[in-house]
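Participant: Below is one structure. I have some questions about it.
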Amino acid sequence: MAPAADSPTLQPAQPSDLNQYRGYDHVHWYVGNAKQAATYYVTRMGFERVAYRGLETGSKAVASHVVRNGNITFILTSPLRSVEQASRFPEDEALLKEIHAHLERHGDGVKDVAFEVDCVESVFSAAVRNGAEVVSDVRTVEDEDGQIKMATIRTYGETTHTLIERSGYRGGFMPGYRMESNVDATSKFLPKVVLERIDHCVGNQDWDEMERVCDYYEKILGFHRFWSVDDKDICTEFSALKSIVMASPNDIVKMPINEPAKGKKQSQIEEYVDFYNGAGVQHIALRTNNIIDAITNLKARGTEFIKVPETYYEDMKIRLKRQGLVLDEDFETLKSLDILIDFDENGYLLQLFTKHLMDRPTVFIEIIQRNNFSGFGAGNFRALFEAIEREQALRGTLI
């Protein structure tokens, strides 16, 4: 969690202490059925199974399936035992109870967003000096392929950040996991989805929490404010939000932080906080170099995306002509796929959002392509909000 309002003043962590962030290492989800969740990402989104731990590897209380597409890695973890049985497994008792509590409170969701760093000790010690809440101290895990150092701190809600140093490891994922090489049987019948890496990871906060959380990222991890919009920029007839993008010192890791703003009805941020029962990760943006192929193939695999109205493209065509911007991609193809467009004088952004991945309207995925554009689609926020409000109306939560 972010520090309380009456916490002592923290001194910003110094970039010299923080070394370089290398990017997102992985995103760790707690889910009710990890095997089935992994199958969703494999069949619907073109991920591949890369590692596993469970009963067959000696893990008697929890199972984890690791899937990957490009440099995007998800760990999906589920409990194998009930809370009542937890005491039978002292090594995993605390973890087992934590997973059950997380699932009861939030449903399936992101527990940890892990960053790869050059030196765990430097980043972690700087964070601790500046008031980070420690979940686990620096520890080393090893096997015949070497060792990985890691440490974990808390961020907003019950979400955590694990710092990972991989320089001493040559294995495919992490000690304690069995590597998987079997190709899913459906892959030969389905089009390939080429994704590159995680572009950003968005956290939703409750009312008036955004500034406090952003301050926490600044002072604990040395992040800076990269981009922001307020409720005057992002609003519809019914709802609004505020957003600040926090970035690592070298701008490789970006963590947008959202909060609701006053509107006539419940916004998507309020809906998220209500159903997730607190702050947490709202969506993960996955970067691709060819969004037309990616969306075409994701839709062919059955991934569901939001619908964009015809009027959006009528307006966009006028805006592009006024700007004198010519897209590399065919406009009618983008329109047929519901791909959103944003631009400035330097370049443009193409993006589209899936529908929620779970029955609870909480987490979803963004597919994004950047063409010399470092923004976050502010020009599309209204269209996105209106699309989500149509879904909210169907759920009866636009109240």
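Just so it is clear, glycine is given a Cβ too, placed from its N, Cα and C backbone atoms.
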Participant: For the Fe cation site that Swiss-Prot describes with His200, Glu366, which of these is also annotated: His102, His106, His161, His283?
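Facilitator: Swiss-Prot lists His200, Glu366 binding Fe cation, and from His102, His106, His161, His283 it also lists His283.
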Participant: With an 8 Å cut-off on Cβ-Cβ distance and a minimum sequence separation of at least 6, pull the same-chain contacts of His283 (Fe cation binding site), or say none.
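Facilitator: Those within reach of His283 (Fe cation binding site), by Cβ under 8 Å and sequence separation of 6 or more, are Cys201, Val202, Phe353, Val363, Phe364, Ile365, Glu366.
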Participant: Can you give me the residues near the recorded Fe cation site, meaning same chain, not His200, His283, Glu366 themselves, Cβ no more than 8 Å from the center of the site's Cβ atoms?
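Facilitator: These residues sit around the Fe cation site: Asp199, Cys201, Val202, Pro256, Gln282, Ile284, Ala285, Leu286, Phe353, Ile365, Ile368.
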